[in-house]
Amino acid sequence: MNKNSSNIMALAPNTSNKRETVCIFGTGDFGRALGHKMIQSGYSVVYGSRSTQISNLIPKDAEVLSHAEAAQKADVIIIAIQRQHYNFLTPLAEILHGKVLVDISNNLKLNQYPESNAEYLAQLLPGSRVVKAFNTVSAWALQSGTLDASRQVFVCGDDVDAKQMVMNIVRAVGLTPLDKGTLLAAQEIENYPLQLFPMWKFPIFLSLGLTTFFFFYCLALDVIYTYIYEKNNFSFFIAITIPNQVCPAMALILLALVYLPGIFAAIIQLYRGTKYRRFPDWLDKWMLCRKQLGLIALAFASLHVVFSLVTPMRAFSKWRTSKGIISQALNNKTEPLDHTDAWMSDSYLALGILGFFLFVLLGITSLPSVSNSVNWREFRFVQSKLGYLALIFCTAHTLVYGGKWFLSPSAYKWYLPNIYMLSLVIPCAVLVVKFVLIFPCIDKPLTQIRQGWERNPKHSE
């Protein structure tokens, strides 16, 4: 009983500790949701609107006045309207002089205007103190209590006191403010909601391109070649067999591509003899999307596990097994167990299980909720040391699986190597170069460079 009562009281306005009055220009979805949230947090809210008639949609404890009357009652005014309607604020310049104006608007496309909406507002009303905030939060997030959405609010402004007032409001409604500096950061903040997985574009396009290439590569070798030269119709391989070849190849290659930029960075630093020069832009962008590459690689590895588990259920697998049994029965001969094959089979399965386990561990550690609970050394140990160990296990898994076919002429249809051979090129190159880089004669100067030592300080930038 007491517990439920306290919960109800926590949601109601705290009348004994009433906060200041905040004005909101605009009665749209976001303005209403923000006003309701602020009333729950103890603020008095007054809406400035063209129509002063009370609507059922307006929070019941809020007041609705004209723009001029509402602005006179508050020092903080939240502008919950679109940029194209800012002109009505010009006649209110004298009333808004010295007041904090919070611009929450967004645009329809990136860099739609030469300046940000917040900077444009500051130009229209030079006597006001403009702060950019709340544009990265949706009305739905406010209505849901911010429990199922991002709690972070980016805030920027030229007036430190005004920015602090807005950040206090952000905290009061249960969100987390992040100071992004002056109003010059407003355009970057306004671009955030318009970006669609910006760090995922390169990994996704790369994955789609490689997947398409490997799919048609396997289709040519396993279906088309077999149909032309052996008169066998294996078109059903498209459903399970070919995906189960493409997925592990993609997982191994993408995992290697996570660590390849680090190899390039080490070589560049050794060549330059300093860490105080920027990497090439392509390398910078590559290093920034390593987490996304790793997560996509984990998705491919998971699909490989699922495809492998359902393989015995396929009609083709059952037919091949029964054919072998019937062949032994007709020949009255039982094939003895080949212990070498048994060892190879168990070894590559064990290596695959260990590699996938470390793969999953890497994916879990990359989650913000987990990475925030470990220190930098622990995070680096998992992502670097255990990451390379996962790459070693997965590469060994592939080598043990098909190593015996490297020198077999039948493995090269149309003189092309099997897909698993192609998938080993980048991982093996990464591991070989990494092995060279850990030699003391190379690792020592590289460590010194990363600690600030320079071979030729006059060339540092």
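Please read every residue number as a count from 1 along the shown chain.
Glycine is treated like the rest: Cβ placed from N, Cα and C.
As recorded in TrEMBL:
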| type | residues | note |
| --- | --- | --- |
| DOMAIN | 21-107 | domain 'Pyrroline-5-carboxylate reductase catalytic N-terminal' |
| TRANSMEM | 204-229 | transmembrane segment |
| TRANSMEM | 249-271 | transmembrane segment |
| DOMAIN | 249-383 | domain 'Ferric oxidoreductase' |
| TRANSMEM | 292-310 | transmembrane segment |
| TRANSMEM | 347-365 | transmembrane segment |
| TRANSMEM | 386-407 | transmembrane segment |
| TRANSMEM | 419-442 | transmembrane segment |
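Note on the domain 'Ferric oxidoreductase' (249-383): its mean pLDDT in the predicted model is 87. Recorded stretches compared: 292-310, 347-365, 386-407, 419-442; the one with the most Cβ pairs under 8 Å to the transmembrane segment (249-271) is 419-442.
Pairs of Cβ atoms less than 8 Å apart link the transmembrane segment (419-442) most often to 204-229, out of 204-229, 292-310, 347-365. Remote same-chain residues near the transmembrane segment (347-365) are listed as 251, 255, 294-295, 297-298, 301, 305, 371, 374, 379, 382-383, 386-387, 389-390, 393-394, 396-397, 400-401 (criterion: CB distance under 8 Å, separation of at least six residues from the stretch ends). Per-class residue totals from DSSP over the domain 'Ferric oxidoreductase' (249-383), listed helix then strand then coil: 112 helix, 0 strand, 23 coil. The list of residues near the transmembrane segment (292-310) in space but at least 6 beyond its ends in sequence, with Cβ under 8 angstroms from a Cβ of it, reads 199-200, 202-204, 206-207, 240, 243-244, 247-248, 250-255, 257-258, 356, 359-360, 362-363, 366, 387, 394. For the domain 'Pyrroline-5-carboxylate reductase catalytic N-terminal' (21-107), the number of residues in each DSSP class (helix H, G, I; strand E, B; coil) is 32 helix, 21 strand, 34 coil.
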